[in-house]
Amino acid sequence: MAKKTYDLLFKLLLIGDSGVGKTCVLFRFSDDAFNTTFISTIEIDFKIKTVELQGKKIKLQIWDTAGQERFHTITTSYYRGAMGIMLVYDITNGKSFENISKWLRNIDQHANEDVERMLLRNKCDMDHKRVVPKGKGEQIAREHRIRFFETSAKANINIEKAFLTLPEDILRKTPVKEPNSENVDISSGGGVTGWKSKCC
């Protein structure tokens, strides 16, 4: 039997409208790569990265979910078992910020009650095209008592910091049991098709 190379397994989700840059954020953290064109995620795909925090090796299983409204029924089952969720909006897209409230309601309905949440104000390198003031994001974060980060996958701003802070908060919040790998289904998110979309 192969020796397990990690102490804990955390399932994290990236949630938000299509085109806000979730895939770019994920690839910047997992592969330290940035591409202006990715295939828009129709179902769900995930990346694995192991980090060391508080003396423990933690395997992060990070799921990139479809943002389109019509695919919410597909992603609902993936909330189950998530220990941390990053909500992402695009500072150049006012609708993506308005929909954060809907995503928060989705989390309340489908995720574990004690799931750790974080709000990302993405594409902060495009501040000259900003339509969502920073203060609005800070306000909604305060109202829901969640962390708030300004991020940019393109400029590599706060990506690693956000992805390390979320599991740190999970570690502090609850005593975490070591996972049974047999209970973790990583096969159902492999089917990805789609079209090209811009993200930062």
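Cβ from N, Cα, C; glycine included.
Copied over from Swiss-Prot:
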BINDING   18-24, 35-36, 40-41, GLY67, 122-123, 125-126, 152-154  GTP binding site
BINDING   THR23, THR41, ASP64  Mg(2+) binding site
CROSSLNK  LYS102  ubiquitin cross-link
CROSSLNK  LYS136  ubiquitin cross-link
CROSSLNK  LYS154  ubiquitin cross-link
LIPID     CYS199  S-geranylgeranyl cysteine
LIPID     CYS200  S-geranylgeranyl cysteine
MOD_RES   THR73  phosphothreonine
MOD_RES   LYS102  N6-acetyllysine
MOTIF     32-46  motif 'Switch 1'
MOTIF     64-81  motif 'Switch 2'
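In the three-state DSSP reading, ASP64 (Mg(2+) binding site) counts as strand. In this structure, LYS154 (GTP binding site) belongs to neither helix nor strand by DSSP; it is coil. Looking only at the binding-site residues SER18, THR23, ASN122, the densest Cβ neighbourhood within 10 Å occurs at ASN122. Taken as a whole, the motif 'Switch 1' (32-46) shows an average pLDDT of 69 in this prediction.
Here the candidates are the recorded positions ASP64, LYS102, LYS136. The one whose C-alpha lies nearest to that of LYS154 (GTP binding site) is ASP64. Cβ environment of LYS136 (ubiquitin cross-link): PHE97 lie under 8 Å away, each six or more residues apart in the same chain. It is 14 Å from the Cα atom of LYS102 (ubiquitin cross-link) to that of SER18 (GTP binding site). Annotated pair THR23 (Mg(2+) binding site) and MET126 (GTP binding site), C-alpha to C-alpha distance, rounded: 17 Å. Neighbour counts were taken at the CB atom with a 10 A radius for the recorded positions LYS102, MET126, LYS154; the maximum falls on LYS154. On the backbone, the CA of GLY21 (GTP binding site) and the CA of ASP64 (Mg(2+) binding site) stand 10 Å apart.
Annotation note: CYS24 (GTP binding site) sits in a helical segment as assigned by DSSP.
Of all the Cβ atoms in the protein chains shown, 28 others lie within 10 Å of the Cβ of CYS24 (GTP binding site). A distance of 11 Å separates the Cα atom of ASP64 (Mg(2+) binding site) from that of SER18 (GTP binding site).
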